[in-house]
Amino acid sequence: MATKLQDENTPCLAATPSEPRPTVLVFDSGVGGLSVYDEIRRLLPDLHYIYAFDNVAFPYGEKSETFIVERVVEIVTAVQQRYPLSLAVIACNTASTVSLPALREKFAFPVVGVVPAIKPAARLTANGVVGLLATRATVKRPYTHELIARFANECQIAMLGSAELVELAEAKLHGDSVSLEELRRILRPWLRMPEPPDTVVLGCTHFPLLRDELLQVLPEGTRLVDSGAAIARRTAWLLEHEAPDAKSTDANIAYCMAMTPGAEQLLPVLQRYGFETLEKLAV
């Protein structure tokens, strides 16, 4: 089912382009991937974008690795059957750390993953204390600890895993206000440190959506670092050098896995991001 919001307050969107454009899929378990998509679109505004989010299995942070791999491969396959893809971005840290090998083995187009921006954070920190704010799953993954050992072994890494922040980010996009008191409670382990992190890695794509609120709660001068801009640059390079010639003249489209009231409430948000319609993807 395709759903279109016909509302006088809906931002006007450009007509369907007549020139074929490379087709890029951005996928996440929820709406956090919109933060990555926004960075890519800023650098590459003239692509055909598909945004898919798994509102049936959200959040992925509490799911098994086997489930995540099978689910992500299934969803990307379903999108690929509808649109030949030039490139896919797995805009979910949890899914990226476990599903990229299976996706790259199955598909001929490039697949870009999202990993915590530990390397740039280690370069930016002045006091040597770097905070990693992520889901509990990302905090526990061996891959995360390998990144720390490789790029930040001279830093003190304060890791904080939270599923509640993911829910707060989703609620914010649905129009709910974010409780700063709740944020203070979640971040209390850092706020009580004698020397808190001066640089914080936003290790979940949902967390840039809470950037303003986090800056109000964290100590003044704290730097927030995420992977969005780096992913956009990587996407641009791959589209130029390695992506297949899969192009479309269709308008941007978003897919959910179930057309729930919550998904329908996201229509105004998705349209502001440039997605003309929202459809249920059969998987």
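Counting starts with 1 at the first residue shown.
Each residue, glycine too, has its Cβ placed from N, Cα and C.
Fair warning: this is a prediction, and the values are worked out from it, not measured in the lab.
Features reported for this protein in Swiss-Prot:
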| type | residues | note |
| --- | --- | --- |
| ACT_SITE | C92 | active site, proton donor/acceptor |
| ACT_SITE | C204 | active site, proton donor/acceptor |
| BINDING | D28, S29, Y60, G61, N93, T94, T205, H206 | substrate binding site |
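If you draw a 10 Å sphere around the CB of T205 (substrate binding site), it holds 33 other CB atoms from the protein chains shown. Taking CA atoms as the reference points, T94 (substrate binding site) and C204 (active site, proton donor/acceptor) are 8 Å apart. For N93 (substrate binding site), the same-chain residues 6+ apart in sequence whose C-beta sits under 8 angstroms from its C-beta are V114, V115, P116, A134, T135, T138, G203, C204, T205. The Cβ neighbour count for H206 (substrate binding site), using a 10 Å radius over every protein chain in view, is 29. Look at N93 (substrate binding site): DSSP puts it in a helix. Between the CA atoms of D28 (substrate binding site) and C92 (active site, proton donor/acceptor) there is a gap of 5 Å. Cβ atoms within 8 Å of the centroid of the Cβ atoms of D28, S29, Y60, G61, N93, T94, T205, H206 (the substrate site) belong to the same-chain residues G30, G32, G33, P59, A91, C92, A95, T135, V166, C204, site residues excluded. Following the DSSP three-state reduction, the secondary structure of Y60 (substrate binding site) is helix. Distance between Cα atoms for C92 (active site, proton donor/acceptor) and S29 (substrate binding site): 7 Å, as a whole number.
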